[in-house]
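The structure under discussion appears below in the form of structure tokens.
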Protein chains: 4
Amino acid sequence: MFERYNKVQKAVLETTLRIINEKELQATSMSLIAKESGVSTGSIYHYFSSKEDIINELFKGIVMFNGEAVMKGVHELDSVQEKFQRAWINYFRLSLEYPLGFQFIEQYSFSPYIYQSSKDEAYKGGWCGPMTKIYAEAVQQQLFIDLEPRLMVQMHIGTAVYTIKGHLQNYLELTDDDIHRIIQSCWNSVLK
Amino acid sequence: MFERYNKVQKAVLETTLRIINEKELQATSMSLIAKESGVSTGSIYHYFSSKEDIINELFKGIVMFNGEAVMKGVHELDSVQEKFQRAWINYFRLSLEYPLGFQFIEQYSFSPYIYQSSKDEAYKGGWCGPMTKIYAEAVQQQLFIDLEPRLMVQMHIGTAVYTIKGHLQNYLELTDDDIHRIIQSCWNSVLK
Amino acid sequence: MFERYNKVQKAVLETTLRIINEKELQATSMSLIAKESGVSTGSIYHYFSSKEDIINELFKGIVMFNGEAVMKGVHELDSVQEKFQRAWINYFRLSLEYPLGFQFIEQYSFSPYIYQSSKDEAYKGGWCGPMTKIYAEAVQQQLFIDLEPRLMVQMHIGTAVYTIKGHLQNYLELTDDDIHRIIQSCWNSVLK
Amino acid sequence: MFERYNKVQKAVLETTLRIINEKELQATSMSLIAKESGVSTGSIYHYFSSKEDIINELFKGIVMFNGEAVMKGVHELDSVQEKFQRAWINYFRLSLEYPLGFQFIEQYSFSPYIYQSSKDEAYKGGWCGPMTKIYAEAVQQQLFIDLEPRLMVQMHIGTAVYTIKGHLQNYLELTDDDIHRIIQSCWNSVLK
DNA sequence: AATGAATGAGGATTCATTCAT
DNA sequence: GATGAATGAATCCTCATTCAT
């Protein structure tokens, strides 16, 4: 997930992601990260300027990774519906394959711990922009009702996030069939 | 919001809710709560057993309050669609009127800081159970497609939460019209 | 020396003064102060806002104390020469009786660790101002040569400080006779 | 100022002197010295055995340099008074020309950070010994009162140091005239 | 019941020093 | 000789909790 980083940074980021999911931010101490990653605190501070920096780098790294994964193979497709389906399937698959990344983004994307600059940078490399374009295209083709594309995307992100969260909390089943039906009902929900 | 509690507890809970929204959990220290609520730390520990206890009591208190508010006036209505609409409108109104409570629940409902027992207790007094019953009724009446009611509810909670979040973060507009259209698309999304 | 402070503050200030003389500022850690003063670090931070604050309070406390001691009994005297002699004798006695305070002021009165506000506050309660007045009086009475009083005071502070320092470092003897002769030569040095 | 050292040592010593005057000892980290001097930490440790060693070398280097400068041209002069005046003028000029060296010596000559061996070595190469000889000569010629020469030198070092300090702190003016008058009053202060 | 001073373990971070390259 | 990444003990400081008053 953190292929663009060097070995030490990768170890730190992966360890931090794991601990933060188990224990929350406040219980994720630098000394714990050091111990579990096998990197000394001194070295961590050689590669990251602060604990905040680690969290922000984590955020940006995951968002970038997700951005590529969600849009993978989407642009070669023809119809808006195919793109819509492929992108959302990608999103569900990704989230279920990398639940730690999913939960981290969910917990911290609205946190003051994440700098505005990280959010801005993330927006550029993330998938929300491209997804919004697909919806805009659907509106233009008069497939979708005349709602703000950003609003529709936000609605469906919510749908996806909450069903995935319910599943990861062992509260809901989520078969491949379920996923297809959820995506289908998202499509239907804004169909003209 | 915390009418069932005594004066001191109310002051502590309201102060904590305010600070935690401004500053995050880790920056919400007991001494700050004491100072801002005008209650000494000693007294806080007389009414709450720990900081975790305050957070959990906050969680339960808000969920209970929401449970009543969302289901207000719903059961006197006749048709499933009327109940569906009323409940969701209640939810949007409530969330926009009490954004602090909304954001707190969003941030902490999946947090390890909230005990399982609080979540269980919350489930009983919250609105998810009653809402699920409405959906089950709709399935039974063959209005809705044959999906697990809990899954559908979860989908629509996500839709509502994410549009409200987007609005509270100044990222989306959310007029009364928008809210009605969102609720309508939720209805359409699972319509047979 | 720190009678205006409470018991805990007094213990902390006295301990800090002792350690800082033995070991220097950088080796005077909060944990060492805590251990040696018998006050926990938490309590220290209850009474002082930071390590800097301790050092500054120490500075102000000593300067105030010295200000009173040096000028004790001076203003009831008649002639300028009597005032001059009494004040300087007071200064030598004080410095030899409280060598820790003397050395601290010497080491840190020019340090960036001491806030300008502390220095300003110290100037008001210290003895340099009153001493300068005595010199100005001597100039006015045409006893002293026509040099800036502040410059003459600074010269004689240097004389006193360096002879005391030399003595405290076991480098010079400093009998009562020596002190009288030093004060006499200061008097002579600027005599008209 | 550090001509006897090699290029790397010179760069390290000059950089350290500059930083230590700007920031104090505790803020003068090895990594900062390395960065600002353009010498890697590894290399610094090749030429100096520790941080203490740098500080001590600095101390010795400056004292040696001062020793030569203060006594420059003194011994070719005939009368004691000429030697006295020349030496003290040299000292004032030197201090005002190299304020960093002056302030460093002032701050650290009494510090535990400087080894006794450095102080001893400094004494041999410094100017205090030769200056004391001039005073002893004056006593012998019955020009000066019968005080210990070392005591008198110490008195006048104090006078010089404090007036220079006052000037460097922007607290006192110090014209050439002032300097001459100060030296004259030192002479007068111990004149028989 | 109410207070807030006292505690001290644990937090993030720094930095002199080492050592593999 | 030269480099600078790596180390981890030690730094200042915070904060949940206790308890004497």
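Residue numbering: from 1, along the chain as shown.
Cβ atoms here come from the backbone N, Cα and C positions, even for glycine.
TrEMBL labels come from automatic prediction, so no person has curated them.
Within the domain 'HTH tetR-type' (C:6-66), the DSSP-based counts of helix, strand and coil residues read 48 helix, 0 strand, 13 coil. Residues or ranges marked as domain 'HTH tetR-type' in TrEMBL: C:6-66.
Feature annotation from TrEMBL assigns DNA-binding region to C:29-48. Sequence-distant contacts of the DNA-binding region (C:29-48), counting only residues of its own chain at least 6 positions beyond either end whose CB sits under 8 Å from a CB of the stretch, comprise 6, 8-9, 11-12, 14-16, 18-19, 54, 57.
Confidence over the DNA-binding region (C:29-48), given as mean pLDDT on the 0 to 100 scale, stands at 96.
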